[in-house]
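Below: the structure, in structure tokens.
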């Protein structure tokens, strides 16, 4: 059985918390895309664990964890994150953590050129705005992957005669193409090569053939949970391009990033923040550049785990959520951070877009259109009540339940979980 957790908006919806709640029922947690460019925090017994690249299933001592072939891996960051988690008590993580031999490697020069590229794009744009990259080298690594010039994990750990010489040769050739593109920037290639030569033996115990690993798990009737990174609106194909990440962050990325056929996927859980946030540039139809937006930002503590950047805030956008649902095929929803809305007397919800006076029938792919739509709202009554101590769905205020029902009716997908606070147990489950 394979179930999937996916972000439905622009990321930061709270996917990790749902995964954390679910992992006790699973044998394997796998990541299928992205790198250390996303982040979430899980609190267990009062201890905060920050995850950026590693699967959050590591908090469950009985769970195996896999970084799939679609993930791009910066080895120094991999070990740094692992050591940080170990320092907080996850001492058995090394025996339960695996990396696909087909995953691509992120080098420091990928990160360097990521930032150079961002500056270059900002200089070209009329408004001086950039894409909003995290600078972690994710985009350049996927670029070298697509051009078939990248290096994969198996290239590094290969013990065949001449394997290291081939790795070194390809590394130098890859670096040279970067320098041809961005100029002869100061960079110590010998230092990085020496580091990777030392990483080789340390990395070997983690490396597996991920296709064999996962399909053996499926054959053994093990339960597999896929932890999506980022979210659908950051998908390279279906997101607000070019203000997106460089991988497929929707259901398609699960299939290609792990080698799992679609017939094996049973449930797709869409994680939806009760309002909308976004980090970086790009159109945001329901954004509130006013006191309401500042209030959402303040109460919701909307700062990125990985970058520390302030998140832009706005009302829930059901046009966007319906589009996300069409593509990912959610079987149920997890509405998170509902408690952030506790003190709002009225809560507007975006239900349609108008452009040049006409209602749009689909989510626009053109940013000039999306950036200039007029959002039509339905205003729902707030509940003006602290819900953080509520332990059962049925005990939620009536207006809170009406808010959730409005979402269900609009996208035609049932709400299964509701987040009512930051704690691990602040999640209500609804029978569906």
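For all residues, glycine too, the Cβ spot is worked out from N, Cα and C.
Feature annotation from Swiss-Prot assigns GTP binding site to 11-17, 39-41, 311, 337-339, 419-421; the stated evidence is sequence analysis. Take the CB of residue 40 (active site, proton donor) and look out to 10 A: across all protein chains shown you find 22 other CB atoms.
In sequence order, 40, 231, 273, 277, 279, 302, 304, 311 are the residues of the chain that are 6 or more apart from residue 12 (active site, proton acceptor) and have a CB within less than 8 Å of its CB. Under the heading active site, proton acceptor, Swiss-Prot lists 12.
The annotation Mg(2+) binding site is assigned in Swiss-Prot to 12, 39. DSSP assigns residue 39 (Mg(2+) binding site) to coil, not to a helix or a strand.
The IMP binding site annotation in Swiss-Prot covers 12, 13, 14, 15, 37, 38, 39, 40, 134, 148, 230, 245, 309.
Taken from Swiss-Prot, the feature active site, proton donor applies to 40, supported by sequence analysis.
The feature substrate binding site is assigned by Swiss-Prot to 305, 306, 307, 308, 309, 310, 311. In three-state terms derived from DSSP, residue 309 (IMP binding site) belongs to neither a helical nor a strand segment and is classed as coil.
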Notebook entry, point to check: Just checking, which of 11, 39, 308 (binding-site residues) has the fewest C-beta atoms within 10 Å of its C-beta?
Noted result: 308
Notebook entry, point to check: Looking only at 17, 309, 310, 311, which of these binding-site residues has the biggest number of Cβ atoms within 10 Å around its Cβ?
Noted result: 17
Check: Cα distance, residue 39 (Mg(2+) binding site) to residue 309 (IMP binding site), nearest Å?
Finding: 12
Next item on the list: Which residue among the binding-site residues 37, 41, 230, 420 has the fewest other Cβ atoms within 10 Å of its Cβ, if you could check?
Entry: 41
